[in-house]
């Protein structure tokens with residue numbers, strides 16, 4: 001399909017495209033250098049490093065700044081329409097797609113949905129519709145080859161992206177995604193360095209940690225109570241030595257510092273992104289773009305074609321269908337909300353199933369185990385397999401959620417494509433949030449918190465609840481985070497490359513089967529034949545890319561206190577992800593239709609919500625999941641020398657084994673198998689702060705438990721308020737738009753107005769000269785020709801009335817109203833008007 005220039009001009013005005021204006025000599029502006037987060041502010045000694053990581057200016061020359069304005073055919077003289085790149089290929093594809101999406105193909109007035117290329121594709125009238133790539137990957141001089149070798153190559157991972165050229169080739173929406181991904185990856189570098197330093201500190205100080213050294217000391221001879229009802233035995237505390245060492249790597253003083261740092265990092269990242277986004281928005285002429293200016297979706301108009309009531313859109317000043325609130329919008333919203341709640345409940349049910357799996361597996365392993373000291377290894381194996389099963393459930397639910405969310409969004413009568421995408425994004429992210437994070441929230445805040453004590457356990461469906469390992473559930477939380485985060489990223493990377501290859505192979509088979517005759521008629525394959533074998537890039541194909549990165553951002557911020565290495569793994573993944581995504585777009589997919597957006601849309605609000613949630617979750621993890629607060633209370637409230645000597649013994653409560661439930665209620669509970677084969681143990685220890693046997697309130701929470709609980713709550717309040725104050729300070733110190741950019745925008749607006757005035761003046765001058773020639777010709781005709789009567793209109797920008805014109809006015813003996821008409825509009829009345837106004841006996845000619 002070819003779009004003639006007249007079609008481009010007409011739809012360029014309809015779509016309100018901003019196009020380059022004519023250049024006026026002397027009207028130049030110094031464009032501020034683009035924002036480079038890493039190298040900005042480096043001194044001159046770093047210029048060599050800067051040249052290595054910056055965009056290669058020889059291959060991607062800096063684009064000159066052009067003044068732009070909203071295109072109008074009435075003022076086409078303002079625009080550089082003769083420029084060969086006035087209507088770029090991206091504008092071509094966007095206009096053609098806009099027409100194809102709305103073109104009717106049926107004369108049946110009752111078929112409201114007989115429009116659009118999408119329906120024709122669904123009904124197999126056409127097999128594909130797509131813009132063409134700029135040559136193949138081996139064509140020298142093509143933009144596609146240049147981007148493939150310099151942007152998509154993994155070996156160029158250290159270089160900045162040529163975003164201006166990506167925007168020209170793929171459009172604003174895709175270029176903005178890569179801009180955000182690149183900025184996010186750069187911001188992960190300081191977080192990765194700090195997290196790695198905290199981890200190295202933990203590794204260096206691991207053998208200086210007194211509580212873990214006590215756990216590994218077999219001379220203490222501490223016997224722990226069984227961890228399940230049946231087939232679990234007494235076990236020696238030293239068997240958990242390895243687990244205690246690993247737990248310390250993620251549960252130490254540096255964890256608190258890193259949690260505070262990451263909370264501040266999250267808000268700093270968003271504030272700096274707003275500044276960077278403002279610079280990109282200005283550079284790509286997206287400033288002032290309003291979603292309400294976007295045309296309604298054709299599917300939206302088709303579904304409302306039977307609605308007779310119209311309402312005025314105050315932005316576009318056009319009449320649009322009015323959606324009945326109570327009859328259509330409310331039922332659709334209630335139905336959509338109900339289905340979303342059902343899917344959320346299904347995700348929680350999956351988490352409960354994984355919990356039951358852990359309980360049953362631990363019982364089975366201990367049933368067939370031969371060693372009495374394998375409790376810690378059984379728990380480790382159970383946690384790893386349960387996390388893998390949870391990951392598989394997540395992948396399966398993802399497919400189901402995507403289809404249901406799109407169906408529900410279609411029912412809600414969303415007006416524009418941008419609003420539709422935002423609503424769909426919120427639904428899918430809510431479902432994915434529960435899907436990915438439900439098990440993690442369970443481990444962090446619920447597991448092992450309501451177990452009870454050996455004399456009377458709190459049971460669920462007749463079974464004991466899961467217990468945390470020695471030192472809390474932080475190690476299990478770390479394992480769950482690592483497997484889901486790293487496993488999801490690895491799986492997505494493999495699938496993102498394998499699926500396009502598979503579909504490309506399927507398209508190749510389809511092409512050979514259906515178009516083999518046409519193929520034989522070509523000496524060289526045209527570009528449409530080469531692109532037909534590629535995979536279609538749908539209108540929402542960018543959504544999974546954003547979703548993957550935002551979910552990763554949640555792992556990096558919400559639970560970073562339990563996994564300080566998360567930013568490092570995210571950084572390594574993103575460096576590869578950025579180049580593989582670029583390679584995938586250029587190699588395996590057809591060229592997308594360009595879309596114009598102002599920013600990353602609803603994803604920013606999601607990121608902001610995640611940042612605020614991370615402050616709460618990190619404070620709660622440190623206070624209630626880790627042992628940081630109990631150690632702090634012991635050091636300053638119990639220990640006389642502010643040390644942790646004796647902390648392990650202090651954190652373990654004592655239980656009299658004669659008071660087990662199966663001994664007190666033999667008719668209700670069965671005695672554990674194999675327990676009689678071991679020597680009788682008078683007492684065993686368990687992790688809790690409770691009164692010892694024989695005390696007035698035996699096995700009740702001790703006073704120290706309530707002190708620790710108060711300290712935990714106080715820590716959460718102090719942590720959140722301190723971080724909140726720092727966040728407010730950071731937002732105040734970092735304005736959304738830099739002052740230099742704000743001044744530059746004002747300067748450009750001023751110069752744009754001057755260009756318009758200058759062009760109007762030039763047009764008025766040329767019109768004035770033509771008008772004078774016209775008057776001279778008319779005066780000669782009046783002197784030599786018989787009287788004639790005509791109206792003369794000088795048009796826009798005509799010259800003021802000259803002395804020669806006054807001679808004509810006097811000769812004609814015009815009335816007062818006609819003189820006013822001539823002086824203000826340069827329009828001479830006709831003879832009939834002149835006669836009717838002042839009854840002149842002799843007609844006046846011009």
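Glycine too: its Cβ is placed from the backbone N, Cα and C atoms.
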In TrEMBL, which of 277-301, 302-326, 377-401 is labelled transmembrane segment?
377-401
Can you say which of 236-254, 255-273, 407-425, 502-520 is given as transmembrane segment in TrEMBL?
255-273
So if I exclude everything within five residues of the ends of the transmembrane segment (704-734), which remaining residues of that chain have a CB under 8 angstroms from its CBs? That is, six or more out.
259-260, 263-264, 267-268, 271-272, 275, 615-616, 618-620, 622-624, 629-630, 632-633, 637-638, 688-690
Cβ under 8 Å to the transmembrane segment (467-487), counting only same-chain residues 6 or more beyond its ends: which ones?
211, 215, 227, 237, 240, 243-244, 246-248, 250-251, 376, 379-380, 383-384, 387-388, 390-391, 394, 436, 439-440, 443-444, 447-448, 451, 552, 555, 559, 562-563, 566, 569-570, 621, 625-627, 687
Can you tell me which parts of the same chain pack against the transmembrane segment (177-201), counting only residues 6+ beyond its ends and a CB-CB cutoff under 8 A?
37-38, 160-161, 163, 166, 249, 252, 254-255, 257-258, 261-262, 265, 268-269, 272-273, 276-277, 280, 542, 545-546, 549, 553, 556, 560, 564-568, 570-571, 574-575, 577-578, 581-582, 600, 603
Is the number of Cβ-Cβ pairs under 8 Å between the transmembrane segment (550-576) and the transmembrane segment (255-273) three or more, considering only pairs separated by 6 or more positions?
yes
Are there residues at least 6 beyond the ends of the transmembrane segment (428-446) whose Cβ is under 8 Å from a Cβ of it, and what are they?
340, 343-344, 347-348, 350-351, 354-355, 387, 390, 393-394, 397-398, 401-402, 405, 473, 476-477, 480-481, 484, 488, 543, 547, 550-551, 554, 558-559, 562, 606, 617, 620-621, 624-625
With a Cβ cut-off under 8 Å, give me the same-chain residues at least six positions beyond the ends of the transmembrane segment (255-273) that come close to it.
37, 180, 183-184, 187, 190-191, 194-195, 198, 556-557, 560-561, 564, 567, 604, 607-608, 610-611, 614-615, 618-619, 621-622, 626, 628, 719, 722-723, 726-727, 730-731, 734, 736
Spatial neighbours of the transmembrane segment (377-401) far in sequence, C-beta under 8 Å, 6+ residues away:
227, 243, 343, 346-347, 350-351, 354, 357-358, 361-362, 365-366, 369, 428, 431-432, 435-436, 439, 469, 476, 479-480, 483-484, 487-488, 491
